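Q: Structure below; questions to follow.
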Amino acid sequence: MSATASSSSSPARSRVLEQHDDDIVIVSAVRSAITKGRKGGFKDTKPELILSHVLRAVYEKVNLDPKLIDDISVGNVLPPGGGASAARMAALHAGIPVETSINTVNRQCSSGLTAVTQIANEIKAGQIEFGIGAGVESMTNGFGAGAVSQVSEEVLENKDAEDCLLPMGITSENVAADYHISRDRQDAFAATSFQKAAKAQKEGRFKDEILPIKAKWVDPKTEKELEVVVDSDDGIREGVTKEGLAKLKPAFKKDGSTHAGNASQVSDGAAAVLLTKRSTAKKHGLRVLGKFVTSAVVGVPPRIMGVGPAYAIPKVLQLTHLSLNDIDFFEINEAFASQAIMSVDHLGIPYEKVNINGGAIALGHPLGATGARQIVTGLNVAKQYGGRVFVNSMCIGSGMGMAAVFVSEH
């Protein structure tokens, strides 16, 4: 048995492993590389162009006529010019016809998963046959003080509403303080994430999930514009140790424990997932990669927004009648080491089942893309290590958590 395969044979697990014609299935899933904001391979590429590449690839990979795509939903947190028109332009540039509708959705860090859920539910309701759930973020272009606007003073009289404005790093410090998570444990967790990702990258384990993209890149030293092929996550660093991270200064509080090395990176990237019903996939001769079972979202106090997965995962397990033992592995977004540790500890998940090829601390976290990216990675991990049932989850800025159950059919 592989390291990720569950020994559970519960009735609930057997039920989710069953195959039915009306299952909502994934027939194609692809992501771009994740690159460092303002420094990496996509620093000179606009988000709509990265998105266009993955939208085109997700249907071309399986030779689907783009005329059959009914609707697209794109997760995007820092939208250029209001958002929806940039996504629409990306779809048109990707060879998808004008008749195919599109929207953007912003549920902060879960936007990509929210987009996939929307499409899955539209298919389930019989509104569409084929749809793409996607996500994109260029934090190079959108991230920073300009993304924050003035808020009504009356609204800020509500303490929880006011806490929604806390910098994410302060919410991480709150989680560390409230749940007694030491700097040492956070640094150890972060170092492990880097080590797992560096090993996976060295072994070529990300190759099957990443679409190589030609991009223009301006060399900051010579100011020459070069054409480069972006085909690997450039935030991954080799040789990261807990001892090395211990030397970094806290970023948000003088006596704090959150710093650049144990928090997710500011990143650029995109991902796309093509969904339909199993019966439709059969009709079109499409191979099923996996099944979308369901998802759940919960609210948590904004001042400790990072605890979201600790409450969203039980909710999605309750909806599916699954237990933790039924799940082969987990992709939990590492917004910060503090909140990832709290979520894993709170639920009692074995650490070896979490982020097997590393997480966002090492890979990066392009906000709107992460929820879709985790699906692509999860399907790839299942194929490599033999797990079947997996859960994706993330905390959400302003105090929420989201989680979803998938079944791999590799």
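Quick reminder: no glycine exception, Cβ is built from N, Cα and C everywhere.
Annotations in TrEMBL come from automatic prediction, not curation.
What TrEMBL records for 24-278 is domain 'Thiolase N-terminal'. Among the features that TrEMBL reports, active site, acyl-thioester intermediate is placed at Cys109. Sequence annotations record features per position, and here TrEMBL assigns domain 'Thiolase C-terminal' to 287-406. Look at TrEMBL and you will find His365, Cys395 tagged as active site, proton acceptor.
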Q: A 10 Å Cβ contact count, applied to the active-site residues Cys109, His365, Cys395: which residue has the minimum?
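A: Across Cys109, His365, Cys395, these active-site residues, the one with fewest Cβ atoms within 10 Å is His365.
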Q: Taking the domain 'Thiolase N-terminal' (24-278) alone, what is its mean pLDDT?
A: 96
Q: In angstrom units, rounded to an integer, how far apart are the Cα atoms of Cys395 (active site, proton acceptor) and the residue listed as 'active site, acyl-thioester intermediate'?
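A: Computed Cα spacing between Cys395 (active site, proton acceptor) and the residue listed as 'active site, acyl-thioester intermediate' is 7 Å.
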Q: At the level of the C-alpha atoms, what whole-angstrom distance separates the residue listed as 'active site, acyl-thioester intermediate' and His365 (active site, proton acceptor)?
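A: It is 8 Å, counting Cα to Cα.
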